[in-house]
Amino acid sequence: MAPTQNTICSKHVAVIGAGAAGLVTARELRREGHTVVVFDREKQVGGLWNYSSKADSDPLSLDTTRTIVHTSIYESLRTNLPRECMGFTDFPFVPRIHDISRDSRRYPSHREVLAYLQDFAREFKIEEMVRFETEVVCVEPVNGKWSVRSKNSVGFAAHEIFDAVVVCSGHFTEPNVAHIPGIKSWPGKQIHSHNYRVPGPFNNEVVVVIGNYASGADISRDIAKVAKEVHIASRASESDTYQKLPVPQNNLWVHSEIDFAHQDGSILFKNGKVVYADTIVHCTGYKYYFPFLETNGYININENRVEPLYKHVFLPALAPSLSFIGLPGMAIQFVMFEIQSKWVAAVLSGRVILPSQDKMMEDIIEWYATLDVLGIPKRHTHKLGKISCEYLNWIAEECHCSPVENWRIQEVERGFQRMVSHPEIYRDEWDDDDLMEEAYKDFARKKLISSHPSYFLES
């Protein structure tokens, strides 16, 4: 959509969340001339990257009265993307080699990601826009604007009116738990990966881990360091799958899905194998959940599809005053947050115009029909995967910003291939030094780093 020639408007905008999405959204909104208030329940920026050894009071996170811990980070977590392709486009996530307290590895720990986000917030003076320890309890449309009710840690309640609201609250708090026939009578323990922190509690146990992607692959191998046996139940595997993996302790097996959980403590897999397990760990993802949002029925979550959303961002009936940043998965997350937020900021200012409500709905209906034809279930609507860069470049063209760099796209593709083929070593052994070199040369050309690329590549 071509930029408009109308006078640029400045809006009063509420941003919900001060994680990676909220931070870059606040920056882009302010760059576009908007006034911004960011709400976050934590004491510092970083969102889910704020590690806590604490977990929900309910290990499965099903009890609605549970004490909730708003992070899903486990102690051993390292990024599953190379740092140079993970960072924001104009603030590279490069090693702070001169600082011995920092993690200079190419696939660093969660603590290094938090430090990077704190660096970003300081560099762009974002913290001055954030109300820390403040929870948004209700957001609803009122006379063309938005009512935002919040309360802080000492119980002070506030009610304010904003021109627009951008939801950057993430989707890693409300766990999705696998349906297992017979599980109600199964006597063992269950926990969702949201509440997993360290392997110690599983010492000498037989553990079944449901899920073998990202956190499932990591957590199963982490637990295997101390457990007697670890058995992975993978929905992606064929029904007869049964494979013993030699790493890390020769006590790890991959199976097909669970068929039944029995009262005697046994777990029957669809491959016919039976295991007597102490604990089941659900690495089964999360549900989209916006308990504070009241839109009078305009928005619905249907089988984990947030609908109807135009390009995963705008709700046609309330666009552009309500938008979402960061809903899609299987994408270059921080870059996606940045490009989506540039679009939202430009649309709110009037510099870029959205299609009409009818046109946006037509696009959404056509997209849903395409997913149906391809046999993609509703729950995967927001998983981009192979189309992620096409999606991001489409938005970039809309708001006249740079597309995703080729080296970044290739790094993600090759990194994913390594992760699938060598999950134990892909973070420490790689074959794309050429792309890493291209990335640092790109940073140098754009004057985003002060040192010569060789300083980072040879360290």
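Cβ coordinates are placed from backbone N, Cα and C, and glycine is handled just like the others.
Annotated in Swiss-Prot:
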type	residues	note
BINDING	G17, A18, G19, A20, A21, G22	FAD binding site
BINDING	G211, N212, Y213, A214, S215, G216	NADP(+) binding site
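Annotated features taken from Swiss-Prot, shown on the structure.
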| residue | record | contacts (Cβ under 8 Å, 6+ apart) |
| --- | --- | --- |
| G17 | FAD binding site | V38, F39, D40, G47, V167, C168, S169, G170 |
| A18 | FAD binding site | A26, V38, F39, D40, E42, V45, G46, G47, A121, I126, V130, F132, C168 |
| G19 | FAD binding site | D40, V45, G46, G47, L48, W49, L117, C168, G170 |
| A21 | FAD binding site | G47, C168, G170, I325, G326, F337, S341 |
| G22 | FAD binding site | V15, I16, V38, D40, G47, C168, S169, I325 |
| G211 | NADP(+) binding site | A178, S193, I232, A233, S234, R235, H282, C283, T284, G285 |
| N212 | NADP(+) binding site | S220, I232, S234, A236, S237, V254, C283 |
| Y213 | NADP(+) binding site | A236, C283 |
| S215 | NADP(+) binding site | S72, Y74, S193, C283 |
| G216 | NADP(+) binding site | S193, V209, I210, I232, S234, C283 |
Could you check the binding-site residues A20, A214 and say which one's CB has the fewest neighbouring CB atoms inside 10 Å?
A214
Can you give me the residues near the recorded FAD site, meaning same chain, not G17, A18, G19, A20, A21, G22 themselves, Cβ no more than 8 Å from the center of the site's Cβ atoms?
V15, L23, V24, T25, D40, V45, G47, C168, S169, G170, G326, F337
Three-class DSSP secondary structure - G19 (FAD binding site):
coil
Rounded distance in angstrom between the Cα atoms of A20 (FAD binding site) and A214 (NADP(+) binding site):
19
Once G211, N212, Y213, A214, S215, G216 are set aside, which residues in the chain still have Cβ within 8 Å of the Cβ centroid of the NADP(+) site?
A217, D218, I219, S220, C283
In which DSSP state, out of helix, strand and coil, do we find A214 (NADP(+) binding site)?
coil
